[in-house]
Amino acid sequence: MAEYTPKERLYRALRKQQVDRMPAVCFTQTATVEQMEACGAYWPEAHSDAEKMATLAEAAHTVVGFEAVRVPFDITAEAEFFGCGIKAGDLKQQPSVIKPSVKNLEDLEKLKNYNLKEGRIAVVLEAVKILSEKYGKELPIIGSMIGPFSLAQHINGDAWFGNLFTGEEVVPALLDFCSDFNVAYAKAMVENGADTIAIIDPTASYELIGGEFYEKYALPYQKKIVDAMKELDVATVLHICGNTTNGLGIMDKTGVNGISVDQKVDIKTATGSVKNAIIVGNLDPVAVLWNGTPEEIAEASKKALDAGVGLLTVGCGTVSMTPTVNLQKMIECAKSHTY
């Protein structure tokens, strides 16, 4: 069988086409302190400086060995773009949302004339362009964004779930607004060189909202992004935290190429629950990859591979203190696997 470039290999693997071996990639947060020290680009500055963001993203490939580059490193850029208060984080901690920006439809109306060439959204788009110009012919360029359900929750704050359960009119309005933004943002990423879009939608977890609410308030809005990317022949991967086992069949209806699952999900059960997507994951980022030994990582990797995982990788965002050697052991296991 012919050998493929990493870009070709991931393109084919995400579309269930034959490849020479498993790609070694990560669709969730990739940065670690060891990478920061190696490349000289550090959090929190790398969240808001395109050159530093690209440099740190590049380190996941040049220092660790992932066969792709991915930006950004957090899921707050979108909320900040729409006026939410943000705690900046530090060398080890990602930024977090501390203040919402929308209480009602009037507040939402004020956000509608946005410009993707402003704020941290513009920074991420510029980082995508930098990475694409350097690596786009050889490596997958993964553009990541928060999903519409979780973005709506960030923007609406603590009131979100109450509004959801009481059927307030701000809920569908916010979801329409957020998903339309997601589509525009994803298209801009693709224009700047991204070939794969990761949708990170943690609060749309089956554990939190159940199947009925997921089908009504998450599925159609996630699918809007996926459909737009399919028109551009751009692959999508959806990550939702928690034990999503009972919701995987519904998540598969989004049409994504890959469903990323965390360590709570049984891989064998997961692969039997979906018909269209491949299952991505699901090494425990804390117990295994951060605190485990290379031998324990090899054992956990073998278990996931034997269970039929489509792409072996981190089960959620990489912990910033994860040792490089541990990530490299997982990468070694992925690259040694043939389908």
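The backbone N, Cα and C atoms fix where each Cβ goes, glycine too.
If you look up Swiss-Prot, you'll see His239, Cys241, Cys316 marked as Zn(2+) binding site.
The Zn(2+) site is defined by His239, Cys241, Cys316, and by the 8 Å test on Cβ atoms against their centroid, the other residues of the chain that qualify are Thr28, Ile200, Pro202, Ile240, Gly242, Ser260, Val261, Asp262, Gly315, Gly317.
Cβ contacts within 10 Å of Cys316 (Zn(2+) binding site), excluding its own Cβ and spanning all protein chains shown: 24. The DSSP secondary structure for Cys241 (Zn(2+) binding site) is coil.
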